[in-house]
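S.K.: Okay, so TrEMBL annotates it like this:
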BINDING   R203, V204, G205, D206, T226, G227, D228, G229  substrate binding site
SIGNAL    1-19  signal peptide
Amino acid sequence: MLLSLHVFLLMLYFRLGFTSLPLVINTWPFKSATAAAWHALQSGGSVLDAVEEGCTRCEVDQCDGTVGFGGSPDETGETTLDAMIMNGNSMEVGAVANLRRIKNAIGVARAVMERTEHTMLVGESASVFAENMGFVAEDLTTNESLNVFSQWLKGNCQPNYRKNVSPDPSASCGPYGPKAAQTQSPDSAFYFLWFNTCVLYGRVGDSPIIGAGAYADSSAGAAAATGDGDIMMRFLPSYLAVELMRNGADPSAACKSAISRIKRHYSDFFGAIICANTTGHYGAACNRVPSLTEFHYMVADSESDTAVLKSVPCF
């Protein structure tokens with residue numbers, strides 16, 4: 001059985017059959033999330049339970065300050081959440097995007113998969129569905145996220161993710177209208193990519209997009225991506241990596257090829273990917289930029305019986 005999830009950069013892989021070795025892989029050094037998923041497996045929980053437990057832990061802990069409630073606000077000051085979970089046996093998927101007022105985004109994504117015939121729900125409609133399913137509506141704002149938003153406004157709304165608009169988005173907070181034939185610096189959209197601070201209202205990242213944020217197929221493997229979702233989702237790197245493993249590539253090579261595909265078009269994008277195949281082997285790759293020269297991720301398996309920090313040099 002193989003399940004994969006990508007919600008705030010967590011992926012879990014587990015296989016039964018040729019090997020009884022369970023494997024949990026987590027992008028970035030989110031030890032508590034990896035440990036929670038591993039503990040769920042060791043306690044007899046299902047793989048789906050382990051995936052949800054790991055992600056929920058990151059939501060509660062606000063991993064890296066960008067995950068869960070109080071994370072990076074949009075340009076209205078509101079924090080919204082994305083999540084996705086996938087079953088590589090049945091190819092069922094549940095996803096939510098731009099979810100408002102609900103802290104447990106991965107739980108809602110699982111409810112979409114198990115309680116509906118749909119694949120993804122978005123925005124206010126996703127929130128209403130969640131409340132109907134018994135999830136509690138809460139304020140996702142924190143003092144820290146309010147401060148981030150306040151400082152963004154004081155700094156002329158920088159970084160800003162608009163282009164070809166008037167007034168000049170690099171010097172003004174708007175409101176904006178269209179502007180024809182504006183020359184745009186090719187690098188102007190690539191600053192502060194990881195934190196995505198104060199993105200446009202309604203923006204959806206790569207996390208809930210199948211094949212972009214994550215992908216799983218029990219006959220081939222699983223992969224999850226992290227970084228600048230606006231760039232990475234255009235190339236479906238997780239799907240590509242799984243297909244490369246299906247065709248015989250080892251996980252490290254598959255991850256590197258998926259990153260290379262994006263590099264050909266966006267040489268300075270911020271991003272990484274982790275991969276695991278059906279024999280329990282895993283690997284990772286990342287694009288080398290000044291802010292990312294080495295990528296760290298967590299692994300837990302029966303040999304270590306704990307979350308272990310791994311790293312790979314970026315290329």
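Here the Cβ of each residue, glycine as well, is placed from N, Cα and C on the backbone.
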S.K.: For each of the binding-site residues (V204, G205, D206, G229), count the other CB atoms lying within 10 A of its CB, then report the residue with the highest count.
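M.R.: Compared across V204, G205, D206, G229, the most Cβ atoms within 10 Å surround D206.
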S.K.: For a quick check of packing: other C-beta atoms within 10 Å of the C-beta of R203 (substrate binding site), how many?
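M.R.: Cβ-Cβ neighbours of R203 (substrate binding site) within 10 Å number 17.
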